[in-house]
């Protein structure tokens, strides 16, 4: 079975191919290029280079991975490469879908170490890549970055190096913002890879294209990227500047020099994070890539049963090394980084020391083998549900703090989950656009379907329990019957990812917040827009509605929580107390307090009526991306670039 993935990949068509159940990538050269010897040479070179490299950081290609196939009745062959399929996005897709949220220094060091080790292998084989950029770096499910697209790879032969100083007649490969000056002139050298790697890190650390005027002055040809990456230590910034020196002679000369410099960096990095161990599977641990056929019909009974086997059997790295895996956020993760603004509301009046204090870590829930992307608490507070990039949904008994049940069936990262109103069913959405409906008691899939062409970022269930809403990274909202059989309507909601959804209690409207900085209300009967709230200066990450249905709260990467009156669509003064972007909101069980969690590692407790900051909880060991509040006041948190679920107890007097 073949499935077209892309017809815009350089000179070829890219298909997903199956034999039994193993997915593979089949690249087929477009027949229009058959008579172009240079194109054919580049195509064949990719297979040749990859077949010589045996490392989890490059796609596996067998020695006979390149082949020519003559279709019946055709006098022209099809030139093909069969290679391992990497189950994950490229870095450009991941950054866009998760909202252009700059990565941490910890994450950057982790990726730089992995990529340098890959370059070390490539250079030892007397090759260099020549086209390193976010589009050409993919992510395995276990956190290993993978360098792809070796069509531009060049051998470091004596003839080649001589040509550099002579005719300069070397094929130029150029990617704006990532290609070094010497390569733009057809004079690529091994150190050109280091320049492109450094530029890729700048993109990841700033969420800005290297050609963006906020970090690059084209008139003076100078970079000012550091001011957009205040999470980066001076020592690591110096390393990146070394990689991106304009002259190749001023850059590191070997991958070993980069690794040595990394080893010399202080282990304590921005915001107190510790550099994770980068223990990786040996190349021999990577699964074989023999073709297998997969029936096109999906069997829910086969894929939906509870399984106690880990879905990724080749994941051999420990939990410590997964700290850096922001990549697995289910590449549709939707939170966005705040932009520098000059019109942010003034900070809230400081609260007294008596109303501020550190939380105490009272428990951890180990089990996920990659990032945790969603949390939900049962109505009685006894069960926590978590979903992750390892493709599993886990039910935790909070009384004994252990795993009680596990659901498996997703073929990709899980981004979001929501209970049915009676909690007998669970709905989940994945990075592959799939929706699943689960029977909680039986632990099986009731239904699943392809719901979106982009990652499903958020789900919500109506208060009458009859309508399921899904929001995706392509800006669409879709309304479904809860049996998954009927799509009620599609709403073109946002110019960018839909990050959060909330139904009104009366079932008349649906609120949505998105990457376009807007909060919108939609009439459920007609699908028409009722109103658009404008005011946030960065991306909207979460919504909550007051118990009386009068006020809609929106949390944003602009560090504020805004309050919208639903009777007349006017705005109350915003809540400003966080010093970094606000990711999560929850209303207390008694309806008196609004909890907010942010990347500043604090949780704010706000009076629902007055908007006053009643208390600020500190002492969390990492940014808070996902949060649920237990009726006893304990707070469960997760951060979308590791596998830890933590349980925290507020100080005495600050719990409900």
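Using the three backbone atoms N, Cα and C, a Cβ is placed for every residue, glycine included.
Range 283-302 is the one annotated as region 'Disordered', of 283-302, 303-322, 323-342 (source: TrEMBL). Recorded stretches compared: 365-406, 491-532, 533-566; the one with the most Cβ pairs under 8 Å to the repeat 'WD' (575-616) is 533-566. Residues of the repeat 'WD' (533-566) grouped by DSSP class, helix first, strand second and coil last, total 0 helix, 19 strand, 15 coil. Counting residue by residue with DSSP, the repeat 'WD' (407-440) contains 0 helix, 20 strand, 14 coil.
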